[in-house]
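Taken verbatim from Swiss-Prot:
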TRANSMEM  23-43  transmembrane segment
TRANSMEM  46-66  transmembrane segment
TRANSMEM  98-118  transmembrane segment
TRANSMEM  141-161  transmembrane segment
TRANSMEM  163-183  transmembrane segment
TRANSMEM  213-233  transmembrane segment
TRANSMEM  234-254  transmembrane segment
TRANSMEM  268-288  transmembrane segment
Amino acid sequence: MKGSTVHTKWQAYCRLMRIDKPIGSLLLLWPTLWALWLAGRGIPEAKILVVFVLGVFFMRAAGCVVNDYADRHIDGFVKRTASRPLPSGTISEKESKILFVVLILLSFGLVLTLNSMTIWLSLAALALAWIYPFMKRVTHLPQVVLGAAFGWSIPMGFAAVSESLPLVCWLLLLANICWTVAYDTQYAMVDRDDDLRIGVKSTAILFGQHDKLIIGLLQLATLLLMVAIGWLMNLGGAFYWSILLAGALFTHQQKMIAQREREPCFRAFLNNNYVGLILFLGILISYW
């Protein structure tokens, strides 16, 4: 019985950290890899690569924990989130706070192996991870904060590799924010009815009937910014082909969200993993 209880608890911790749902980690990983390869104009130093990849998974897990802690009193009223560990009582509030601290300490321990510029930038990453879950209570634009949080590994990556923050770094961050707002609006469309009922704010609610158009414009902005980055970095044809393929995926996503149905909107959100992967492959091949 004791072994069964331990197993159940472990499963609950894994669910709290979304280990069973890696899509968030992947959407955080791709822009991190974009930045590391662009900053180093090719394969980055092995130590830096390992630190950032591990950091992605630790910080994403920490972000999920603080998100669920912030939403612990409302998740029980949303069909998709009612069974999460905190609202269901499988994990206590104290246990979630301890887990968050452990994950942050692990992440900061990794950052301490890098240069001082990266260490200072990591403090902003922590602040963004902490405040994002609470933004949906005060603004209809929490997705913009999420974009900054998911993209903050970009200036950190440039700082770690080159100890500089060039124009390309900020263009890449802006592209990632546009992309994140687009795909997280798709995600928010899944919960829009529940969010309206319980008073949670999101871009899906703010954009209303213009949601598909604005998502399309954000996707276009992402692609145009990527073209500018390719030109500034003198990337090869493979990168521009990857932009075209990403555009094709965005077009496919528009078809999926056309009727604003929950399941297709969620599939459109998941499809963004391939966008990030394809753009990374374009950068990778350009420096081959």
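Glycine residues also receive a Cβ, built from the backbone N, Cα and C atoms like all the rest.
In summary, the transmembrane segment (268-288) does not lie against the transmembrane segment (46-66): fewer than three C-beta pairs, each 6 or more positions apart in sequence, are under 8 Å. Segment contact is absent for the transmembrane segment (23-43) and the transmembrane segment (234-254), given fewer than three CB pairs below 8 angstroms at sequence separation of 6 or more. Residues 13, 16-17, 47-48, 51, 54-55, 58-59, 61-62, 65-66, 69, 126, 156, 159-160, 163 of the same chain, all 6+ positions outside the transmembrane segment (98-118), place their C-beta atoms under 8 angstroms from a C-beta of that stretch.
Of the candidate ranges 141-161, 163-183, 234-254, 141-161 has the most C-beta pairs within less than 8 angstroms of the transmembrane segment (46-66).
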